[in-house]
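Taken straight from TrEMBL:
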type	residues	note
COMPBIAS	62-72	compositional bias 'Polar residues'
DOMAIN	22-416	domain 'Bul1 N-terminal'
DOMAIN	516-619	domain 'Bul1 C-terminal'
DOMAIN	679-718	domain 'Bul1 C-terminal'
REGION	1-24	region 'Disordered'
REGION	45-72	region 'Disordered'
Amino acid sequence: MENHQLDEQPDEPATAYPPPKDEEFISNILPSYHMFQSTISKHLRPSNENFSDEPPVYEDSVPSSAVTTPGPSTPFSLSTVVSPSDYPQQVDDSFFPIHDTDEQSQGYENTILANIHKLPNLSKRDMHVSNSLEINITVTQNVCQIGQKPTIINPSDYEYSQGDFIHGYVTILNKSDTPIPFDMVYVCFEGSIVVLENKRGLIDTETPHTVFKFLSTLDLFASWTFANIDRLATDKGDPHDWCYGEIDPQDGTYLSIDAKRLLLPGLTYKRMFSFRIPEKLLDDACDPHGFALHTELPSTLGVPRHSIPPSVLLAAKESSVRDFSFADTSVNYSVDCRIIGKASEYQFAVSGQDQYVVAQEKSLPVRVVPHTNLEIVYMRKTLEDEARVFYKALCDLVREKVNMGQDLLKLPQKRRLAWLNRATASAKIQQLYEVTGSQNKRPLDNEKAAENLYRHLSPYKKKSLTGSSKLLGIIALTTPKQAYTIEYIPPLKHRKKGANYETIVTVPVELCFYPEEQGKSPPEVKSTSCELMVLTVRSKRHPFPFEIVHDMCFHSEEVDTKRREADTFDDIVIKPFTEYSQQLSQLIKSVGNDTFRLESQVYRDVKSVATATSKTVTLSVRDSAVQVIQRSASSCGVHTAPQLIAWSDHGDYKSKSFALRVDLGELYIKGSDKQSEQITLVPSSQSCLVARVYYLRVVVKLTSGESPFVHVPVYIEKRAPQL
């Protein structure tokens, strides 16, 4: 019947039919080997290629005739390519010198594409070539097509996720009166973690301390290549036709760049691009550790100060996203265009042989907040158990290495090597990451694992007139070991109108009083409060050697010893590894690594944790967003005064049970007067260098002055829309 109705309406305009989907419209073919070598895999040192000669002429010929071509005759065609990750510079410690091998020198990590951020950047200098080149990046709503006026959009108004397309075009204008040579024009979609130099609060935006590219996608149609690429599935172009002088009639821009690699004076070149955000990173994105969480796309976090001018940051301060990242660290995505050439052609002096430089560049930030991977959610318990095993294996290995080194110090130098060989053979030291299922998978606080409770113990004392105190009993606050999940709330400008977000959690707690003597009455509950702890952990250079679990952020059991603050990630993880790092460094100096034989990867792993930095922001939940609920077998009621809930007498102790219904969408910065300010909590995530973790602190204030508290894990998830 549908077909019959369509036949009766022949005059219906073509626009009434749904347009083809983006993935069906865009060509997506792997490049030839030659194209891969000349673009993606182009090496750091310039070759002696000469682009001033005329390009070859292609014509019909008999089979015996020969035609010189710049490369193989295989048609080149590609939409995008996702490249391997670019890890931070390796350990520069003199204990473990790095020697490049032939294999390393030919790898992706030694290509221009992987090291663009390390090239001299003329765009940051007052030079003729950089002043003469102007690059602009425009994002459009749909796939760009020749002769059609696109709908231009502002990418800052959008929040992208996996599978989303980013369409647009790049324009390049040579404002000078002379041709400007180049070697490569790269148009990429990149994701990177950038750590800037920070000396006592003075941030250097020009020379990043670390640039870690976890995603690099190159559009070979928009970039300069040796062939005419079919960008759309409907294109049937000749790969050997350079399309000289082809102009977009819509705006008069030139669509083809000269085969001689010259940007001609006064001309504006247009290069159309389309990128698709991948579902996840490549399997080798977390190398050498291979952690599942580290291959998930991280969310945009922090401000990319290295790519945004200070004037722009200041102008956008009011509308900026407050996500509580480090001031000198950002996780960012961007569409980038860079023009690269030889230093000698731009009269830029370099020491030694000629090298490539960035003549001009443009970067357009794009906000990406991926949907939480359901597979990770379903396997969370298993992944956390594995993370505990890896963490314990690393700690055991390091402690055994330290003990072995200390034993070596006690021996005469001549006997050390023989003793080490025997000790290694007999002990069969467990190697890092070779953990089997037969190992003990106990959590960090193994003595309390069986109880399956988070607990806080505090003494209940009564002071006398003389100043002494008498112990009346012990107060215990407990809650089941359970993780809670809330939904990610986008910034106001990205929020859908009328959207509802699940931000309420219900945390059951039990308050117990164990009297020192029979007949003693427990203190009463005065009030309850909740705080969300926002933890950001960052390694400045070396990838984390384990995945972070909540056991590393707080203890399962807290005993009140009148300390002001409970132990944090710094106390539980970073400080012990700082001691390990100092001990290992001292042992290497004293014993010598030829004898000590500490694996370089183990040293890097210890160093990564020892030099890590954490930042914890405490967000208070508004009093009106915390409700006390009492449940019974027959009813469930809300209490405005928790002291009205009766104590249950169990003979040797008394207890009071209730639950707290907490709306984590009602948060403000503790100690801030701006209780209405907008804050953004990105989804929980972990990558090789940056992790974002959340947990909730539940506090019960008593009339006796004690304030026992418990911590519970919280995950923030961005849920994919229902189809």
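Glycine residues also receive a Cβ, built from the backbone N, Cα and C atoms like all the rest.
Beyond the ends of the domain 'Bul1 C-terminal' (679-718), by six or more residues, the same chain brings 87-88, 161, 193, 195, 210, 212, 214, 285-286, 289, 291, 293-294, 296, 298-301, 321-324, 329, 331, 369-372, 377, 380, 454-458, 460, 475-479, 482-491, 505, 507, 509, 511, 523-540, 543-544, 547-548, 550, 553-554, 558, 560, 566, 618-619, 642, 660, 662, 664, 667-669 to within a C-beta distance below 8 angstroms of the stretch. Residues in the domain 'Bul1 C-terminal' (516-619) partition by DSSP class (helix H, G, I; strand E, B; coil) as 41 helix, 24 strand, 39 coil.
Within the model, the domain 'Bul1 C-terminal' (516-619) carries an average pLDDT of 90.
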